[in-house]
Amino acid sequence: MAVAIAAARVWRLNRGLSQAALLLLRRPGARGLARSHPRRQQQQFSSLDDKPQFPGASAEFIDKLEFIQPNVISGIPIYRVMDRQGQIINPSEDPHLPKEKVLKLYKSMTLLNTMDRILYESQRQGRISFYMTNYGEEGTHVGSAAALDNTDLVFGQYREAGVLMYRDYPLELFMAQCYGNISDLGKGRQMPVHYGCKERHFVTISSPLATQIPQAVGAAYAAKRANANRVVICYFGEGAASEGDAHAGFNFAATLECPIIFFCRNNGYAISTPTSEQYRGDGIAARGPGYGIMSIRVDGNDVFAVYNATKEARRRAVAENQPFLIEAMTYRIGHHSTSDDSSAYRSVDEVNYWDKQDHPVSRLRHYLLSQGWWDEEQEKAWRKQSRKKVMEAFEQAERKPKPNPNLLFSDVYQEMPAQLRKQQESLARHLQTYGEHYPLDHFDK
């Protein structure tokens, strides 16, 4: 009986939070997410003996044994602004972005697409060691980035290059990082696509899944303590949401009331594992209410829906000091990485459908064409220009040498300890003796 009562109590609490999270604000000028901390109706009790006294939950008693079925709550709806033809569905949800901003969204997405194609092919030619494309997910990157303040701190996973692209991170630095040359801010110590930029408030990417989530919560808590008037946004995939760090991060953010946006890119696959084998519940957004986090599910291929949800979440996270969870539904058109062959676990027809029928770049292009802000001649000219820009940065990066091997020992301690100094001297002796066996001419002197 106690188990049934507890289950009913949790279900009713979650149902109330979920419904509150999904209601769009209807007052003039407001969009996106519902008001936080909905006021509950006070239940009347004839005596104190009837009133629940449990400190861990606030709920009513029931007198019938009833286990809560996992499918008793209908699926969380997907918020969208544009249909697949780029037409605004509900005029009241149109963000009315100026032409210049929409063009920046489009050019950031297409420039990222061009860079992906060139760097993917360069890996296949053996010019770089590894790469991960962003095909199909460009809208989640730039739509969210456009809604943030440039000083908001970003914790990425590994497929958020578009956020940096929107923040005008130079193509030369993208290329330098992938080549690991002397212009790489990380001095060639990281795998390709592990970008980071202090000036653009983008924390360097780390390979282990979900480690960035509790770290981002800590940064958000620090921002709150400092009254910094900024948010932290943390990106991750639906696969990473199954890691223990994700759940710890969600709970910390909720209990410490941190100004953070958890942005989940649900692209259908955790490497080769489809969502049908990852979870049995209603995706990732459904987990938010259980932690007391305001949540919403959006069409990740609709850049305006992503923009609206992120903008409203940011506004309220700063004003109310509370976390928000956005689940952006999208599709990973490319392979997981250059180490993956997705044809082993999904059909070509499936990939072609998303590439041809529901691509975020195509949807935004339809919108631009309908507004008279873009035409086929501009499209051809921009594609040619963007490829030229990427190729120039690519060729420049390829010509630059790798960092000096001595830099392996720097940036660890302010003053190098004796043991590390011995290792540095040992490497120098080894290279002096056997240098002809290494491509030292590729390294900076």
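Each Cβ is built from the backbone N, Cα and C atoms, and glycine gets one as well.
As the structure is a computational prediction, the values presented were derived from the model and not from experiment.
For the thiamine diphosphate site, Swiss-Prot records TYR158, ARG159, SER207, GLY239, ALA240, ARG265, and the single candidate of HIS336, HIS359, HIS366 listed with them is HIS336.
Among the candidates GLU238, GLU312, GLU320, the one that Swiss-Prot lists alongside ASN267, TYR269 as binding Mg(2+) is GLU238. In terms of Cα spacing, the recorded positions GLN212, GLU238, SER339 that come within 10 Å of ARG265 (thiamine diphosphate binding site) are GLU238. Other residues of the same chain near the Mg(2+) site, with their Cβ within 8 Å of the Cβ centroid of GLU238, ASN267, TYR269, are GLY237, GLY239, ARG265, ASN266, GLY268, ALA270, THR275, THR330, TYR331, ARG332. Annotation for the binding-site residues SER206, ASN267: lowest Cβ count within 10 Å of the residue's own Cβ, SER206. Apart from SER206, PRO208, THR211, GLN212, the residues listed for K(+), the same chain places the Cβ atoms of ILE205, SER207, LEU209, ALA210, GLN215, ASP245 within 8 Å of the centroid of those Cβ atoms. Looking at THR211, GLN212, SER337, SER339, the recorded positions in this record, the fewest other C-beta atoms within 10 angstroms of the C-beta turn up around SER339. Spatially, by CA atoms, the recorded positions THR211, ASN267, SER339, LYS356 include one closest to ALA240 (thiamine diphosphate binding site), and that is THR211.
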